[in-house]
Amino acid sequence: MYEIQDWQHVFKLDPAKEISDIDLERICESGTDAIFIGGSDNVTMENVLDLMSRVRRYPVPCVLEISNIESAIPGFDHYLIPSVLNSDNVHFHNGMLHEAIKQMGHMMDYDLFTMEGYVVLNPESKVAKLTRSNTDLNHDDIAAYADMIEQLYGLKAMYIEYSGTYGDVSMVKAAKERLIQTRLIYGGGIDSLQKAREMFEVADTIVVGNVIYTDIKSALQTVKVRG
Ligand code: 1GP
């Protein structure tokens with residue numbers, strides 16, 4: 001069983017981006033807790049399958065963060081389903097999920113799936129534009145989303161997504177203060193050990209993405225946050 005409670009540090013690989021075998025080996029053998037595979041655009045069955053089979057050579061949990069139905073393929077250790085709560089488009093709350101269950105529910109092992117209550121906060125990110133997220137939120141807004149996710153939806157994970165930029169620590173704190181059992185996952189702009197440490201002081205899990213492709217050495221340094 002792969003439990004999100006066990007994950008402190010995660011690398012997120014984008015199937016639409018190139019990564020050499022040597023860099024992939026460094027990432028997979030870095031001591032990180034899991035590899036997430038996910039992205040906002042150009043995510044296809046082919047590139048997800050290709051990346052999954054390459055990551056599979058290493059004994060690290062391989063997790064698909066589902067971006068679209070087409071690329072939701074079997075073979076992963078775990079699946080994360082983002083529900084973007086500050087999107088104005090119901091498709092990104094539950095529409096895609098409803099369609100997926102209609103098509104594939106009969107063969108889904110629900111124990112392998114975890115829903116993430118997503119809140120997207122970088123207005124310039126692809127994910128914010130794609131999902132038409134309202135990123136103009138204050139501390140009360142994010143705290144209310146945290147309560148909604150844990151107290152009402154009862155989700156195991158809240159994901160604060162600043163993809164592409166380093167986030168406002170005080171916003172992450174405002175969410176964390178409301179959460180009791182729900183795990184707080186933070187991703188966005190972590191490109192150094194110092195930033196990794198700062199966010200990991202607040203969040204339960206940190207996700208490191210883009211810097212893998214721009215500065216692999218700094219990416220590898222971030223794993224040191226793990227206890
Ligand atoms: C993206 O949250 C992840 O979904 C990580 O963000 O790519 O900015 O590291 P970065």
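Backbone N, Cα and C define each Cβ position, glycine as well.
All TrEMBL annotations are machine predictions without curation.
Per TrEMBL, sn-glycerol 1-phosphate is bound by TYR159, ILE160, GLU161, TYR162, SER163, GLY164, GLY189, GLY209, ASN210; the candidate from LYS12, LYS17 named for the same site is LYS12.
In terms of Cα distance, the binding-site residues that sit within 10 Å of ASP14 (Mg(2+) binding site) are GLY209, chosen from ILE160, TYR162, GLY164, GLY209. With a cut-off of 6 Å between Cβ and the nearest atom of ligand 1, the binding-site residues LYS12, ILE160, TYR162 reduce to LYS12. The Cβ of LYS12 (sn-glycerol 1-phosphate binding site) has 19 other Cβ atoms within 10 Å, all protein chains considered. With every protein chain in view, the residue among the binding-site residues GLY164, GLY209 whose Cβ has the most Cβ partners within 10 Å turns out to be GLY209.
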